[in-house]
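Asks: Structure provided below as C-alpha coordinates; questions to follow.
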(Lines of atoms letter the chains of each structure in order from A and count residues from 1; the text may use other names and numbers.)
(Lines give C-alpha, C1' and ligand atoms only; values in the text may rest on other atoms or scores of the structure.)
Protein backbone atom coordinates (compact mmCIF):
# COMPACT_ATOMS: atom_id res chain seq x y z
CA UNK A 1 0.00 0.00 0.00
CA UNK A 2 1.05 3.62 -0.53
CA UNK A 3 2.66 5.24 2.48
CA UNK A 4 0.51 8.13 3.66
CA UNK A 5 1.91 11.52 2.60
CA UNK A 6 4.41 13.19 4.93
CA UNK A 7 3.00 15.77 7.36
CA UNK A 8 4.66 18.69 5.54
CA UNK A 9 2.95 17.80 2.25
CA UNK A 10 -0.41 17.43 4.03
CA UNK A 11 0.03 20.86 5.63
CA UNK A 12 0.96 22.49 2.30
CA UNK A 13 -1.91 20.73 0.49
CA UNK A 14 -4.37 21.98 3.12
CA UNK A 15 -2.86 25.49 3.17
CA UNK A 16 -3.41 25.63 -0.61
CA UNK A 17 -7.17 25.01 -0.24
CA UNK A 18 -7.38 27.23 2.83
CA UNK A 19 -5.76 30.06 0.82
CA UNK A 20 -8.28 29.60 -2.00
CA UNK A 21 -11.12 29.84 0.52
CA UNK A 22 -9.45 32.98 1.93
CA UNK A 23 -9.41 34.53 -1.55
CA UNK A 24 -13.15 33.92 -1.89
CA UNK A 25 -13.73 35.68 1.44
CA UNK A 26 -11.56 38.63 0.35
CA UNK A 27 -13.53 38.99 -2.91
CA UNK A 28 -16.89 38.60 -1.16
CA UNK A 29 -16.12 41.33 1.39
CA UNK A 30 -15.07 43.67 -1.42
CA UNK A 31 -18.13 42.98 -3.57
CA UNK A 32 -20.48 43.41 -0.60
CA UNK A 33 -19.14 46.96 -0.38
CA UNK A 34 -18.63 47.40 3.38
CA UNK A 35 -14.94 46.92 4.13
CA UNK A 36 -15.32 47.61 7.87
CA UNK A 37 -12.05 49.56 8.03
CA UNK A 38 -10.41 50.25 11.39
CA UNK A 39 -7.09 52.01 11.98
CA UNK A 40 -4.65 50.04 14.11
CA UNK A 41 -1.52 52.19 14.64
CA UNK A 42 -2.47 54.92 12.14
CA UNK A 43 -3.74 55.68 8.63
CA UNK A 44 -1.14 53.40 6.99
CA UNK A 45 -1.87 50.52 9.38
CA UNK A 46 -5.37 49.42 8.57
CA UNK A 47 -7.48 46.38 9.25
CA UNK A 48 -10.64 45.44 7.37
CA UNK A 49 -13.44 42.93 7.80
CA UNK A 50 -11.55 40.82 5.22
CA UNK A 51 -8.37 40.72 7.38
CA UNK A 52 -10.45 39.59 10.36
CA UNK A 53 -12.58 36.96 8.60
CA UNK A 54 -9.69 35.56 6.56
CA UNK A 55 -7.46 35.17 9.59
CA UNK A 56 -10.23 33.36 11.47
CA UNK A 57 -10.80 31.08 8.48
CA UNK A 58 -7.11 30.24 7.94
CA UNK A 59 -6.15 29.77 11.58
CA UNK A 60 -9.24 27.82 12.60
CA UNK A 61 -9.15 25.58 9.50
CA UNK A 62 -5.46 24.69 9.94
CA UNK A 63 -5.72 24.35 13.74
CA UNK A 64 -8.58 21.90 13.39
CA UNK A 65 -6.54 19.66 11.07
CA UNK A 66 -3.15 20.15 12.72
CA UNK A 67 -3.87 20.89 16.39
CA UNK A 68 -0.25 20.76 17.60
CA UNK A 69 1.15 23.18 15.01
CA UNK A 70 1.88 26.72 16.26
CA UNK A 71 -0.03 29.25 14.15
CA UNK A 72 0.85 32.95 14.40
CA UNK A 73 -1.36 35.45 12.59
CA UNK A 74 -1.08 39.18 12.10
CA UNK A 75 -4.42 40.09 13.67
CA UNK A 76 -4.69 39.43 17.39
CA UNK A 77 -7.97 37.60 17.80
CA UNK A 78 -9.46 34.46 19.30
CA UNK A 79 -10.36 31.58 16.99
CA UNK A 80 -12.70 29.71 19.32
CA UNK A 81 -16.00 31.18 18.09
CA UNK A 82 -15.45 30.63 14.36
CA UNK A 83 -18.60 29.85 12.37
CA UNK A 84 -18.58 26.66 10.28
CA UNK A 85 -18.93 28.57 7.01
CA UNK A 86 -15.37 29.88 7.56
CA UNK A 87 -13.85 26.40 7.88
CA UNK A 88 -12.09 24.89 4.86
CA UNK A 89 -11.57 21.15 5.14
CA UNK A 90 -10.23 20.42 1.65
CA UNK A 91 -6.72 19.93 0.29
CA UNK A 92 -4.97 20.03 -3.08
CA UNK A 93 -4.68 16.44 -4.32
CA UNK A 94 -1.86 17.33 -6.75
CA UNK A 95 0.38 18.51 -3.88
CA UNK A 96 -0.26 15.32 -1.88
CA UNK A 97 0.97 13.24 -4.83
CA UNK A 98 4.41 14.88 -4.83
CA UNK A 99 7.13 13.21 -2.76
CA UNK A 100 8.26 15.16 0.29
CA UNK A 101 11.94 16.24 0.21
CA UNK A 102 13.86 13.69 2.28
CA UNK A 103 15.09 16.19 4.87
CA UNK A 104 11.48 16.98 5.87
CA UNK A 105 9.87 13.53 5.96
CA UNK A 106 10.22 13.08 9.73
CA UNK A 107 8.75 16.42 10.85
CA UNK A 108 6.21 16.30 13.68
CA UNK A 109 3.29 18.68 14.09
CA UNK A 110 4.69 20.40 17.17
CA UNK A 111 7.89 21.27 15.24
CA UNK A 112 6.07 23.44 12.68
CA UNK A 113 5.25 27.14 12.96
CA UNK A 114 2.81 28.67 10.47
CA UNK A 115 2.97 32.44 9.91
CA UNK A 116 -0.21 33.92 8.47
CA UNK A 117 -0.82 37.29 6.86
CA UNK A 118 -4.53 37.14 6.05
CA UNK A 119 -4.40 40.13 3.71
CA UNK A 120 -1.01 41.55 2.74
CA UNK A 121 -1.48 44.98 1.17
CA UNK A 122 -4.52 46.06 3.21
CA UNK A 123 -4.04 49.75 2.41
CA UNK A 124 -3.96 48.99 -1.31
CA UNK A 125 -7.06 46.78 -0.90
CA UNK A 126 -8.96 49.72 0.62
CA UNK A 127 -7.81 51.94 -2.28
CA UNK A 128 -8.86 49.49 -5.00
CA UNK A 129 -5.29 48.52 -6.06
CA UNK A 130 -6.44 44.94 -6.05
CA UNK A 131 -3.52 43.34 -7.88
CA UNK A 132 -1.24 44.29 -4.92
CA UNK A 133 -3.19 42.10 -2.49
CA UNK A 134 -2.01 38.64 -1.38
CA UNK A 135 -2.90 36.03 1.25
CA UNK A 136 0.27 34.57 2.82
CA UNK A 137 0.68 31.24 4.62
CA UNK A 138 4.32 30.49 5.47
CA UNK A 139 5.52 27.24 7.06
CA UNK A 140 8.67 27.18 9.18
CA UNK A 141 10.72 24.37 10.71
CA UNK A 142 13.86 24.76 12.81
CA UNK A 143 13.46 28.54 12.58
CA UNK A 144 13.65 28.46 8.77
CA UNK A 145 10.94 29.16 6.16
CA UNK A 146 10.61 25.83 4.32
CA UNK A 147 7.28 26.06 2.49
CA UNK A 148 4.82 28.74 1.52
CA UNK A 149 1.54 29.51 -0.17
CA UNK A 150 0.76 32.89 -1.75
CA UNK A 151 -2.72 33.51 -3.10
CA UNK A 152 -3.50 36.55 -5.26
CA UNK A 153 -7.29 36.90 -5.01
CA UNK A 154 -7.42 39.43 -7.85
CA UNK A 155 -4.82 38.03 -10.23
CA UNK A 156 -6.13 38.74 -13.75
CA UNK A 157 -8.81 41.14 -12.52
CA UNK A 158 -8.18 43.56 -15.39
CA UNK A 159 -8.27 40.83 -18.05
CA UNK A 160 -12.00 41.02 -18.72
CA UNK A 161 -15.16 39.21 -17.65
CA UNK A 162 -14.17 35.75 -18.90
CA UNK A 163 -10.75 35.63 -17.23
CA UNK A 164 -10.22 33.23 -14.34
CA UNK A 165 -9.81 35.42 -11.27
CA UNK A 166 -7.09 34.68 -8.72
CA UNK A 167 -4.22 32.21 -8.53
CA UNK A 168 -2.28 30.28 -5.91
CA UNK A 169 1.52 30.03 -5.94
CA UNK A 170 3.17 27.47 -3.65
CA UNK A 171 6.63 26.11 -3.01
CA UNK A 172 8.70 23.82 -0.84
CA UNK A 173 12.47 24.06 -0.32
CA UNK A 174 14.20 21.21 -2.11
CA UNK A 175 11.26 20.77 -4.47
CA UNK A 176 10.66 24.07 -6.25
CA UNK A 177 7.76 26.48 -6.65
CA UNK A 178 4.64 26.19 -8.76
CA UNK A 179 1.67 28.15 -10.09
CA UNK A 180 3.59 30.82 -12.02
CA UNK A 181 6.16 31.11 -14.83
CA UNK A 182 9.64 31.65 -13.35
CA UNK A 183 11.25 34.52 -15.27
CA UNK A 184 14.49 36.44 -14.70
CA UNK A 185 14.59 40.23 -14.87
CA UNK A 186 16.24 41.70 -18.00
CA UNK A 187 20.02 41.17 -17.81
CA UNK A 188 22.03 44.28 -17.02
CA UNK A 189 18.95 46.22 -15.88
CA UNK A 190 18.63 47.27 -12.23
CA UNK A 191 14.94 47.45 -11.46
CA UNK A 192 14.17 47.96 -7.78
CA UNK A 193 10.78 47.25 -6.25
CA UNK A 194 10.05 48.98 -2.95
CA UNK A 195 7.33 50.22 -0.64
CA UNK A 196 4.45 52.32 -1.87
CA UNK A 197 2.97 53.64 1.39
CA UNK A 198 5.85 53.41 3.90
CA UNK A 199 8.52 55.56 2.26
CA UNK A 200 11.12 57.52 4.25
CA UNK A 201 14.38 59.41 3.78
CA UNK A 202 16.29 56.23 4.62
CA UNK A 203 14.28 54.11 2.16
CA UNK A 204 15.01 56.63 -0.59
CA UNK A 205 18.70 57.07 0.33
CA UNK A 206 19.19 53.33 0.07
CA UNK A 207 17.49 53.11 -3.33
CA UNK A 208 19.46 56.07 -4.69
CA UNK A 209 22.73 54.35 -3.71
CA UNK A 210 21.81 51.41 -5.95
CA UNK A 211 21.55 53.75 -8.95
CA UNK A 212 18.57 51.86 -10.37
CA UNK A 213 17.36 52.12 -13.95
CA UNK A 214 13.81 52.01 -12.68
CA UNK A 215 11.96 51.97 -9.33
CA UNK A 216 8.58 50.26 -8.90
CA UNK A 217 6.53 51.28 -5.85
CA UNK A 218 3.90 48.71 -4.92
CA UNK A 219 2.13 47.47 -1.80
CA UNK A 220 2.60 44.12 -0.11
CA UNK A 221 5.66 41.94 0.55
CA UNK A 222 4.03 39.00 -1.22
CA UNK A 223 3.42 41.14 -4.27
CA UNK A 224 7.04 42.38 -4.28
CA UNK A 225 8.48 38.86 -4.21
CA UNK A 226 6.13 37.92 -7.07
CA UNK A 227 7.66 40.83 -9.04
CA UNK A 228 11.07 39.14 -8.53
CA UNK A 229 10.07 35.62 -9.54
CA UNK A 230 8.19 36.86 -12.61
CA UNK A 231 11.12 38.99 -13.79
CA UNK A 232 9.46 42.40 -13.39
CA UNK A 233 12.06 43.55 -10.84
CA UNK A 234 15.63 42.56 -10.07
CA UNK A 235 15.74 43.54 -6.37
CA UNK A 236 13.26 44.16 -3.54
CA UNK A 237 14.75 46.76 -1.21
CA UNK A 238 13.12 48.13 1.94
CA UNK A 239 15.46 50.02 4.28
CA UNK A 240 13.05 50.43 7.16
CA UNK A 241 11.48 48.55 10.03
CA UNK A 242 7.79 47.75 9.55
CA UNK A 243 7.82 44.44 7.74
CA UNK A 244 6.87 41.49 9.97
CA UNK A 245 7.58 37.75 10.02
CA UNK A 246 4.16 36.92 8.56
CA UNK A 247 4.97 39.23 5.61
CA UNK A 248 8.18 37.42 4.70
CA UNK A 249 7.79 33.73 5.68
CA UNK A 250 5.72 32.46 2.72
CA UNK A 251 7.46 34.66 0.11
CA UNK A 252 10.87 33.66 1.47
CA UNK A 253 10.11 29.94 1.13
CA UNK A 254 8.95 30.39 -2.46
CA UNK A 255 11.89 32.64 -3.40
CA UNK A 256 14.44 30.28 -1.81
CA UNK A 257 12.78 27.27 -3.50
CA UNK A 258 13.71 28.79 -6.90
CA UNK A 259 17.25 29.80 -5.93
CA UNK A 260 16.65 33.40 -4.83
CA UNK A 261 17.72 35.05 -1.60
CA UNK A 262 16.10 37.27 1.04
CA UNK A 263 17.74 38.80 4.12
CA UNK A 264 17.51 41.97 6.14
CA UNK A 265 19.37 45.05 4.83
CA UNK A 266 22.48 43.95 6.76
CA UNK A 267 22.52 40.48 5.17
CA UNK A 268 21.15 38.54 8.16
CA UNK A 269 18.74 35.64 7.58
CA UNK A 270 15.28 35.84 9.12
CA UNK A 271 14.40 33.45 11.94
CA UNK A 272 10.90 32.00 12.19
CA UNK A 273 10.81 29.99 15.43
CA UNK A 274 7.76 30.71 17.57
CA UNK A 275 9.67 32.74 20.20
CA UNK A 276 11.15 35.19 17.68
CA UNK A 277 10.13 38.86 17.71
CA UNK A 278 7.60 39.62 15.01
CA UNK A 279 9.21 42.73 13.50
CA UNK A 280 11.86 42.51 10.78
CA UNK A 281 13.38 45.67 12.19
CA UNK A 282 16.38 45.80 9.84
CA UNK A 283 14.35 45.88 6.65
CA UNK A 284 14.44 43.60 3.61
CA UNK A 285 16.78 42.90 0.70
CA UNK A 286 15.70 40.22 -1.78
CA UNK A 287 16.64 39.10 -5.29
CA UNK A 288 16.01 36.13 -7.57
CA UNK A 289 19.58 36.45 -8.92
CA UNK A 290 22.66 38.65 -8.29
CA UNK A 291 22.04 39.14 -4.57
CA UNK A 292 25.70 40.05 -3.93
CA UNK A 293 25.61 42.89 -6.44
CA UNK A 294 22.86 44.66 -4.50
CA UNK A 295 24.10 43.69 -1.03
CA UNK A 296 27.54 45.17 -1.76
CA UNK A 297 25.97 48.53 -2.67
CA UNK A 298 23.89 49.10 0.45
CA UNK A 299 25.52 52.11 2.18
CA UNK A 300 27.01 51.57 5.64
CA UNK A 301 25.07 54.62 6.87
CA UNK A 302 21.86 52.78 5.98
CA UNK A 303 23.01 49.55 7.67
CA UNK A 304 24.00 51.45 10.82
CA UNK A 305 20.59 53.13 10.99
CA UNK A 306 18.78 49.79 11.08
CA UNK A 307 19.28 47.68 14.17
CA UNK A 308 18.11 44.02 13.89
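Cβ atoms are placed via backbone N, Cα and C, with glycine included.
Pulled the feature table from TrEMBL, pasting it below:
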BINDING   74, 117, 119, 120, 247  Mg(2+) binding site
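Give me the lay of the land around each of these features.
Replies: For residue 74 (Mg(2+) binding site), the same-chain residues 6+ apart in sequence whose C-beta sits under 8 angstroms from its C-beta are 51, 55, 116, 117, 118, 244, 246.
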Asks: Where's the emptiest Cβ shell within 10 Å among the binding-site residues 117, 120?
Replies: 120
Asks: In the same chain, which residues outside the set 74, 117, 119, 120, 247 have their CB within 8 A of the centroid of the CB atoms that define the Mg(2+) site?
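Replies: Here the nearby residues are 51, 116, 118, 121, 122, 134, 135, 136, 220, 221, 222, 244, 246.
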Asks: Which residues, sitting 6 or more apart from residue 119 (Mg(2+) binding site) on the same chain, put a CB under 8 Å from its CB?
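Replies: Non-local contacts for residue 119 (Mg(2+) binding site): 26, 48, 50, 51, 54, 125, 133, 134, 135.
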Asks: Please list residues from the chain of residue 247 (Mg(2+) binding site) whose Cβ is under 8 angstroms from its Cβ, counting only those at least six apart in sequence.
Replies: 117, 120, 136, 221, 222, 280
